[in-house]
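K.L.:
First the structure, then my questions, so here it is.
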C-alpha cells in the first residue's frame, strides 16, 4: 500500500470515528461518502424528511446527488459552482432544521475536486433556543409589567442603590440622580438605621436570603410612606449573590384606611358587646362588654357553643338549628333576642349576626354585635300593660262608667305621667258631667220660671187689649158727637142767614156748644190718661222682654231661640210705646183746638148782641165754627185709627207671648233631655251631682183674646221716637215677621 493510500485510509478511519456529521461529494455533487454519524442522523430524521421527500431513504444516500435535498437545485448549483472556501446554510426538511457547512475541495493543481458537507440537526437546539427566547421575552414583559405596576429598585449586596424605576422615584419623591450610589438607609428613620436589626437585615440579604413584608419608609422631605415589599437576592451562574432587587407597592392609603377601620372596630368594641363564632356556633372570642353583660369570663365561654346562652327548649328546636344553618350559608340575621346569662339571669339584647367572608368570598366565621336592651324591653312591657289598662278605662268611659282608674303602682317616669294624665282626664270628665247635671237642673228651673212669667205677661196683654177695646168704643161715641156738632153748626149758619131772631137762639146754641166743648175737653184729657196707661204698659212689656233676654242669655245655647222671641216682644213693646206717644200728641193737639173753640164760643156769646145788628158777621163766625168742627171731626177720626192700630199691635203681642211660652216649654223639654243624657254616666259618690228640684210653677191660663176688629185705614206715618229709660236702649225692630221655631 502506498503512502497516499495509507493516508486516505487513516483519514477515512478518522471520519468514521468522529461525531461530526460529514458527507463528501464529487465536483458534480454526487455523494461519495457519508460517515456513520451523518447516516445515523439521517436515519433518525428519515420519517420527518419523507414528509417533504417521500422517496428518501437514509441507507441509499451514497451515490445519490445532493440535489435531492434542495427545492431549487439550479440555485444551489450556481452558488456552489462559484464557491471558493466554505459556505454556511440552513435547510428545512419535514419540520427539521439542518445547519450545513459546505467546503470546496481542490486538488494539487488547484482545481475543484469535490465538496465536504458538515451536517448538524439543529431542530432540538433551535426549539430550546426559541423556548429560551420566549421565556426571556416573557420574563422581560413581566419585568416591564412589574416595573409599570410596582416600585422597583436595585441595590448592591451592601445596600448601595444601583438604579430605580419611575414608580419608586415618584413614591419616594426623589430623582434618580439624588439617590443613585446612596445607601438604602436614607429611606429609614435614624433609630432603625443604627440598630442591630437593620444591620442583620442586610447581612441576611447578602447571604442570599429572601425578605418580604410591610415596611415603614421615609421619602423626600420626611414624608412617611408604607410599602408592601419583597427584597430578592439575584444570583449569578455560580450561585453567588450579585445584587438585590426590591419590588414594592405603596400601601400608605390602605394602611391609613385599615387604621381607620381598626379604630372604628375598637370604638364599636368599646360601645357594644362583641363575640366571634365559628360557622357551627363555637365561641372564638368575646370582648369585655359581652363578658360583663353575660356575667362570664373569657375562659368560661371560649370553645363553648352559642347554645349555652339560650334556654333549653329553644336550644333543641328546629328554629335554632335553622338559625345557625342560615348563618353558615353567609346570611345575615338581626333583631331582639332573649338570652340566658350566668346564673340563669334572663336578658334581652338588640344584636346582629354578621358572617365574615375570606378572600374567596366564602364565610369562615360569624361576628355578633349586641347591645343590652333589657331595661328597654322591661319598659316596653310596662308600657304595653299601661296601654291595655288605658284602653280598659277609656272603654268603660265610653260605656258611661267614669268610676274606673288606671293603677299607678309599679309605673314610673313618662308612663306614670301618662297614666296619671288619663286618670286626671277621667276625673275632669266626671266633674264636667256632674256640673252638666247640676246646670241642667238650673236650666230646667229657669225655663219653668220663664214659662210662668210669660203666662203673667199673656194675662196682662189680654187686659191691655180689653182696655184698648173700651177706649175704641169711647172714641166712636166722641166721633159721633163731633159730627153732630158740625151738623148743628151748619144748620146754625143757615138759620143765621135766614133771620136775626135766630141769632138769639144761636146764643143759646153757643151756650150749649160751650158746655159740649168742655165735655170734649174733659174727654180729651181722659184719652190722654188712657194713652199714658198704654205707654206705661208698653214700658213694662219692654222691661219684661229685657228680663226674658237676660234669662235666655244665662241659659246659653239652649236659650238662643227664646232670646229671639224676647227681642221681638221688646221690639213690639217699643213700637207700642211709639204709637202711644204719637196718639198722645194728636190728642194734645185736639185738646188745644177744643180750647180754641171754647174761646171762640165765649167770644160769640159776648158778641151775640152784635150778631143781631150784623147777621153777616155772625154768619161768618158760624162758618168758621163749622170749618173748625169738620177739622175736629177729622182729628178724632185719626185718633180712632190710631186706637185701632194699637189694638192690632196688642193682639200681635199676645200671639208673641204665646210663642214665647211655647219656646219656654221647649227649653224646659230640652233641659229634661240634657238631664237624661248625662244621667247615663256613672261617677263615684264624691262626684255625683243630683239635679236641684225645680219649683213647680203653674202657668196661669191665658185669658181669652178678644176678637180683632177690622183694621181701619192706616194713619199717616210719624217719625218713631227712641225712648231711653233707666239707661236701657231698645233693640231695633226686626226687618220682618220671621220667627224661629224651637
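The backbone N, Cα and C atoms fix where each Cβ goes, and this holds for glycine too.
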K.L.:
In TrEMBL, one of 458-495, 496-533, 534-571, 572-609 is tagged coiled coil. Which stretch would that be?
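P.N.:
Coiled coil, as annotated by TrEMBL, spans 458-495.
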K.L.:
Between 651-696, 697-742, which stretch does TrEMBL give the note region 'Disordered'?
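P.N.:
Matching range for region 'Disordered': 697-742.
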K.L.:
Quickly jot the same-chain residues contacting the domain 'PAS' (274-304) by Cβ under 8 Å, restricted to those at least six beyond its ends, or write none.
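P.N.:
Cβ under 8 Å, 6 or more out: 268, 324, 327-328, 339, 341-343, 345, 347, 349, 355, 363-370, 372.
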K.L.:
When DSSP states are grouped into helix, strand and coil, how many residues of the domain 'PAC' (211-263) land in each?
P.N.:
15 helix, 30 strand, 8 coil
K.L.:
Under DSSP, the domain 'PAS' (152-182) has how many residues in helix, strand and coil?
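P.N.:
Counting residues per DSSP class in the domain 'PAS' (152-182), I get 11 helix, 9 strand, 11 coil.
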